[in-house]
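Student: Annotated active site, proton acceptor per TrEMBL: 68, in sequence order. The Ca(2+) 1 binding site annotation in TrEMBL covers 69, 72, 74, 76, 78, 90. Sequence annotations record features per position, and here TrEMBL assigns substrate binding site to 166. The heme b binding site annotation in TrEMBL covers 196. Taken from TrEMBL, the feature Ca(2+) 2 binding site applies to 197, 243, 251. According to TrEMBL, the feature disulfide bond maps to 37-117, 70-75, 123-319, 203-228. Residues or ranges marked as domain 'Plant heme peroxidase family profile' by TrEMBL: 27-323. The annotation signal peptide is assigned in TrEMBL to 1-26. Residues annotated as site 'Transition state stabilizer' in TrEMBL: 64.
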């Protein structure tokens, strides 16, 4: 009995070892490529720096690609896929059409990474690293990016159109619910909304707010109307900065604008409109250190949404198409 019991214990122990090693190999880690692609982070950084120096807005565009990627079927690089004969991808979905951009920059980063370590690094991971560098280059916080995601072999227009990415018309409860569905708290949502300290929005996304809403500072609304005509179809793609004071600097100015009813999108101002998130907005407006810290923590959590790991997915050679 003693022998068979100890044999059983050894078998169980080995079983647990296999389970745990399998699990740990499927987890993301900050040093995932430290041996297989040691030059990865610097390669991505120099490419992002080059792109952002040519066009400051590109930092916001790269950050947004990572967000829109993660919210549709997880951080799997699916947003980068062009349509094929077997699927229609996410690029022409409501949240992305005429607004998701930076795909050529991702192509450039991928080609540079392929030169230093071919066939090793996923496009999904490149998006995560590019988002971090974009924020840091524009004056925001940095964080240790967890890596080890693999790329999806397909993409879904229906999934991107399903409402998982909250529209700019969102109510506060819709924002909270959509983020909670991805494992992100209301606090994470308010912190991540601070990404609107950089970047631009199209007239079509804020027209109703500047003409029809009352919780908006009058001179701010008037100035925005100058570049966004009331008539639908007129100037729909005209751009305005989400943070009109420092549109290319990652800071906490966004929250200060909300305190003064100068949020450009309905979904911005709803964060400070007598609801449950008012106190967080006030905190971030008065304390940039707290905002930076919470933003970085929320970005790490967002990067953990349903990654493909282990033998799932693939490492795409070209970010625009499956292998």
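The backbone N, Cα and C atoms fix where each Cβ goes, glycine too.
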Student: Relative to the Cβ position of residue 228 (disulfide bond), how many further Cβ atoms are located within 10 Å?
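Tutor: Residue 228 (disulfide bond) is surrounded by 23 other Cβ atoms within 10 Å.
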Student: Could you check which of the recorded positions 37, 166, 203, 243 is the closest Cα neighbour of residue 69 (Ca(2+) 1 binding site)?
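Tutor: Closest by Cα distance to residue 69 (Ca(2+) 1 binding site) among the recorded positions 37, 166, 203, 243: 166.
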Student: Which one is it: of the recorded positions 70, 203, 251, 319, whose Cα lies the shortest distance from the Cα of residue 76 (Ca(2+) 1 binding site)?
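Tutor: So, of the listed recorded positions, the one sitting closest to residue 76 (Ca(2+) 1 binding site) is 70.
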Student: In whole Å, note down how far the CA of residue 166 (substrate binding site) lies from the CA of residue 72 (Ca(2+) 1 binding site).
Tutor: 11
Student: Out of 64, 196, 243, 251, point to the one nearest residue 70 (disulfide bond) in space (Cα versus Cα); all of them are recorded positions in the record.
Tutor: 64
Student: Cβ within 8 Å of the Ca(2+) 2 site centroid (197, 243, 251 excluded): which residues?
Tutor: 194, 196, 198, 245, 246, 247, 249, 250, 252, 253, 254
Student: Around the C-beta of residue 74 (Ca(2+) 1 binding site), how many further C-beta atoms are within 10 angstroms, looking at every protein chain?
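Tutor: Taking all protein chains shown, residue 74 (Ca(2+) 1 binding site) has 19 Cβ neighbours within 10 Å.
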